[in-house]
Amino acid sequence: MSDPEVAQTVELTPRQVLKKNALPIIECFYIGFLLGVNDGNFGIILPRLKEYYNISDSLVSILFICQAVGYFLSAFLNGWLVKKLKALGALYLGSVTTVIVYVLLLIGLPFPAMCCFMALLGGALALLDAGCNVYPSFLPYATTILNFIHAFYGLGALVGPLIASSLLASNLSWKVSYMILCGLAVFNCILLWVSFRKVAIPEHNEEDEDVAEEATVENGSGIVEEKQPAKKRGLFTQVVRLKYTWIVAIFLLFYVGIETTIGGWGYTFLTVARNGDAVQMGRVMSGYWAGLTVGRVILGHITGMFGEKRMITLYCIVTCGMTILIWKATSIGADAAGLVIAGFFLGPMFPTAIAITHQTLPKYLHATAIGFIAAFGQGGVAFFPFINGQIIDKAGIGAMMPYTLGLSLAATIIWIMLPVKTPSYDIIINAWKKIVKSEDKPVNPQPEEITETSVPVNEEKSTNN
């Protein structure tokens, strides 16, 4: 345990723990907000970047893939960086690097340099994203805190288009938006230092890392279990050997791709394919991000009540329906409604997937697993919008919505493959089994011979079910 007092102790009540961790929680909220402003801003300034560098849609979309490279590298290096720098050191590295990259971006250097800076930015933002998703795992009400962190992301993504569209309406350069982002990133560094100055992030000891006492395995259905004896393996090795890890990571990759393809290219779709007003369409995109924010607050609780796997499947289906509506409808009003509704149902997907990981994996794997899953998933911020840019350069902006529909269908299929049974699912199954057993029971049952194993076996089955 480090010198600063760890806020969460056995003697404290959950409310006291949250009170002592108030500043770190606020910092996590702010990181979510900063990430949202960054993503929401980029889609609005994209046409201006295209004009500034005098390049095609295909070429400007390279900026997306460069950022994706940074995210993917961070996903695989996150565990190593946390081991060398500790969790707080990785957060500091991401925060300082973000400030430096924003300064380099606002200078407006040649396009190849811009691509390199975007890769650095992706890696820095991935470290911040991983850190703010891991920290709540050490706190009570972790799922609720996660939902609010991602709601603040949606709030930032709502504010980003408003800031960018207002700047463009005032005929200011896209560089001004990066000046604002740089200021927000500087404030993040200050808030990070103030928040964690007297609070240490719990670290796992060497026994946890070597896994001397227990191993994490998966049964035939892919459900994560712990068994003995255990072969010593590093934490990252354990994480990447789990089928569960890859299903969640790939689902989030596609989910984030849907979210940011709509958020990044939706403005271009509305202004070019629907001939919408530039300033008004920026506000419509803010409505999309507002729907995302509200969905994370409202649907986050409902999702847990009725079963995460079932509800996220339903949300994916609704998203597919809204994508078809935006694709086929020709009026801006219908498109705006479809965007807001799609954002609303997309909202809870990312925090729910992280929350299920908190519940499914053993605690000593949380930092490594969630860091990897979050960073890998955030690669979708850039990877799929890049592919979209290549497609619309050949087929036109109208091809964006069929492409987004394909991503939504793929995400639905991947989520269905997730080997997790949520509590509400178990309750329904148990209730159904009781009904079936009561119907099969004879009206006048004959006394049955009680054997050595009859009662214990039945009791064990009902307990396990």
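Quick reminder: no glycine exception, Cβ is built from N, Cα and C everywhere.
Remember, TrEMBL labels are computer predictions, not curated facts.
Features of the protein shown, as given by TrEMBL:
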- 21-38: transmembrane segment (TRANSMEM)
- 24-422: domain 'Major facilitator superfamily (MFS) profile' (DOMAIN)
- 58-80: transmembrane segment (TRANSMEM)
- 87-105: transmembrane segment (TRANSMEM)
- 111-132: transmembrane segment (TRANSMEM)
- 144-164: transmembrane segment (TRANSMEM)
- 176-196: transmembrane segment (TRANSMEM)
- 244-267: transmembrane segment (TRANSMEM)
- 287-305: transmembrane segment (TRANSMEM)
- 312-330: transmembrane segment (TRANSMEM)
- 336-357: transmembrane segment (TRANSMEM)
- 364-387: transmembrane segment (TRANSMEM)
- 399-418: transmembrane segment (TRANSMEM)
- 440-465: region 'Disordered' (REGION)
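Under 8 Å from some Cβ of the transmembrane segment (111-132) lie the Cβ atoms of residues 27-28, 31-32, 34-35, 38, 53, 55, 59, 62-63, 66-71, 73-75, 78, 81, 87, 90-91, 93-95, 97-98, 100-102, 104-105, 149, 188, 370-372, 374-375, 378-379, 381-382, all in the same chain and six or more residues away from its ends.
Recorded stretches compared: 87-105, 144-164, 244-267, 312-330, 399-418; the one with the most Cβ pairs under 8 Å to the transmembrane segment (176-196) is 87-105. The transmembrane segment (144-164) is in contact with the transmembrane segment (336-357), judged by 3+ CB-CB distances under 8 Å for residue pairs 6 or more apart in sequence.
Touching of the transmembrane segment (399-418) and the transmembrane segment (312-330) is concluded from the presence of at least three CB pairs under 8 A, sequence neighbours closer than 6 excluded. Among the stretches 21-38, 58-80, 336-357, the one making the largest number of Cβ pairs under 8 Å with the transmembrane segment (364-387) is 58-80. Counting only same-chain residues 6+ beyond the ends of the transmembrane segment (336-357), those with a CB under 8 A from a CB of the stretch are 133, 142-143, 146-147, 149-151, 154, 248, 251-252, 255-256, 258-259, 262, 266, 284-285, 287-296, 299-300, 303-304, 308, 311-312, 315-316, 318-319, 322-323, 325-326, 329, 366, 369-370, 373-374, 377, 418, 420, 422. Under 8 Å from some Cβ of the transmembrane segment (312-330) lie the Cβ atoms of residues 258, 274, 299, 303, 337-339, 341-342, 345-346, 348-349, 352-353, 401-402, 404-405, 408-409, 411-412, 415-416, all in the same chain and six or more residues away from its ends.
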